[in-house]
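Notes follow once the structure below has been shown.
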Amino acid sequence: MNPSVIKSKDITALGEAIKRRDSDLFPILVETAGKLTLSGLPVYVLKYYVVTAVQSGAVEILKYLLSRYNQSSGAAGDTSLFAVCGWVDAEKNNVNPLLHIAAANGDVAILKLLLTTGEVDPDLKNKSDESPLHGAVRGEQQEVVSVLLATGRIDPNFKNKSGETPLYSAVRGGHQAVANVLLATGRVEGETLLRSAAYEGDEEIVNILLATGKVDPDSKNESGDAPIHIAARGGHEEIVNILFATSRVDPDLIFAILDGIYLADLEVDRLPPHQKKVTDNYFVIFNRHRRVLDVELVHTLNHNSVVFNVRFSADGKYVATGRNGSAQIYDVATGEKLCVLGADSVGPSIRGYIRSVCFSPDGKYLATGEDRLIRVWDIASRTIRNTFSGHEQDIHSVEFARDGRTIASGSHDRTVRLWDFETGQLFRVLSVEHGVTTVAMFPDSKYVAASVFDNKLRVWEIQTGDLVKILGGAEGHREGVYSVAFAPNGRDLVSGSLDKTIKTWELIPPRGGTPNSRPSAKGNIKTFEGHRDFVTSVAVTPNGAWIISGSGDCCVQFWDPRTGVPLLRLEGHKSSVISVSPNPMGGSFATGSRDMTSRIWKYHVIQPGAEEKTGRGW
């Protein structure tokens, strides 16, 4: 039929019949208008009929149209009405796609009819970047949600322009039944939303998700944190209490997190007696829920300049300090100064600061790092045994290997250098892009690690000089790394950074005893937050139970390495704590500060079994 024969009044009448859902009148009007074919109508009219039928819920009329015109007649310009449905969907900038209309209206019959055409995409996005599923969820159209999900062609985790997934819209709207349908598919990330709600402190979402019974309350993210950990670190106590009902996490641990994260912010004068220890020379703030340690000052060692480094001998009987112009050795038990290495009366004078000191494993020698030179002192004779030269700028760190054969040094000249202790020969230069702040030797003496100002850590194999791992990236530190230490197990690294955080890095040790096996990052990284200034020094107690850190905030903190919970905050210096060192025999530690003092402290466990509950063996 020629299009000119179709009268505008007939087109209007047909449209009105569709709006009224008059399925009896519509076929009569079609016949009255003449032998209507699709080629007899402009495409915009066909689209109008389809959209009007969907909007009006005129399922019988839409069914009539689709059955009557389900294929092209083959005539020029003629086409299938099924294809017209697809054309309407393609114009999402002008109209809402058809399935979105049906889904929002909860019109299951229309929805199923449209899907039978094969021309509509159930995952098509509208102007708000939403699929039909979003609208169905928002309208609490449970049956529509089921039909759409059954197509298997919808991404149920897709986020709209507002960052909302269908599940988020369901729980935000309080539509628990719809949330149940979504979660029942097994394809919806309910655990991710639960952790997000715990982080944001959204009690309503947490309650709805838990009520579905289809979300694991103990699911963990890549950092090993369950929703209850996340809520605790955010200080959301109400959510913590909600999660306790279903979580299998140790409640003592969670309460420790709740209180522990605020240690650096607490004012000692306002705390109850059981949470603090105050003396004339220092004070300690304890974690309210997990007071497992006590700390006591043993000796204050006065210096006439900044104390850059403190280190114990392997037998724990002596402590060495590095300051301007000399290294000093003290008796740990008495606090008596035993010798000064570098003063004119003892040996050649040293110009500049000694930034690092380290005893040899047998306790006979002390290595010192200063301006471009490493000196190895014979402690008994107070003479220099060896001088290692080669660094072009200040030396920040020196370290003996446990086997006593190798000395590692790190410098601002952007190198780590490895020296043969017996011969004094340099046998390896390891270059990096920025200044080296600290070096640490693997307990088995096979590897050396370095912290660098470029916010990364590096691990090399000593024998070959091969770089075996760079630790950093998205989960790494945001600013320069100032300190690094190995845990006694030889598997974990601890780092402290200018970004005020501490991180632990789990390394996989060589397996199977094969000669070429090497450590590599497992990916389990924990971040400890709580200092209010640069973290200048980190160390691990010899039994692996605690991490000790020193900071520019004048404080020392003890941490549970398993959880990242701060257990106590010690303030006993008047300026930055530059160095912390645990006694290898356990029970004490030393600190060095910009306030020109070094202090020896002792600590002991006051809660039986506390070490087993933390990082013992870590």
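Backbone N, Cα and C atoms are what each Cβ position is placed from, and that goes for glycine too.
What you are looking at is a predicted structure, and each value in this text was computed from that prediction instead of being measured.
As written in TrEMBL, here are the features:
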- 162-186: repeat 'ANK' (REPEAT)
- 189-213: repeat 'ANK' (REPEAT)
- 223-244: repeat 'ANK' (REPEAT)
- 354-387: repeat 'WD' (REPEAT)
- 388-429: repeat 'WD' (REPEAT)
- 429-470: repeat 'WD' (REPEAT)
- 474-507: repeat 'WD' (REPEAT)
- 528-569: repeat 'WD' (REPEAT)
- 570-602: repeat 'WD' (REPEAT)
Using DSSP, how many residues in the repeat 'WD' (429-470) fall into helix, strand and coil?
0 helix, 24 strand, 18 coil
Could you give me the DSSP helix, strand and coil counts for the repeat 'ANK' (189-213)?
21 helix, 0 strand, 4 coil
Selected stretch (most C-beta pairs under 8 A with the repeat 'WD' (474-507)) from 162-186, 189-213, 223-244, 528-569, 570-602:
528-569
Tally of helix, strand and coil residues over the repeat 'WD' (354-387) according to DSSP?
0 helix, 22 strand, 12 coil
Just to confirm my parser: what is the rounded mean pLDDT across the repeat 'WD' (474-507)?
92
Counting by DSSP secondary structure, give me helix, strand and coil numbers for the repeat 'WD' (474-507).
2 helix, 19 strand, 13 coil
Distal contacts, the repeat 'ANK' (189-213) - CB-CB under 8 A, six or more residues away:
157, 165, 167-168, 171-172, 174, 176, 179-180, 182-183, 219, 221, 225-228, 230-231, 234, 236, 238-239, 242-243, 245-246
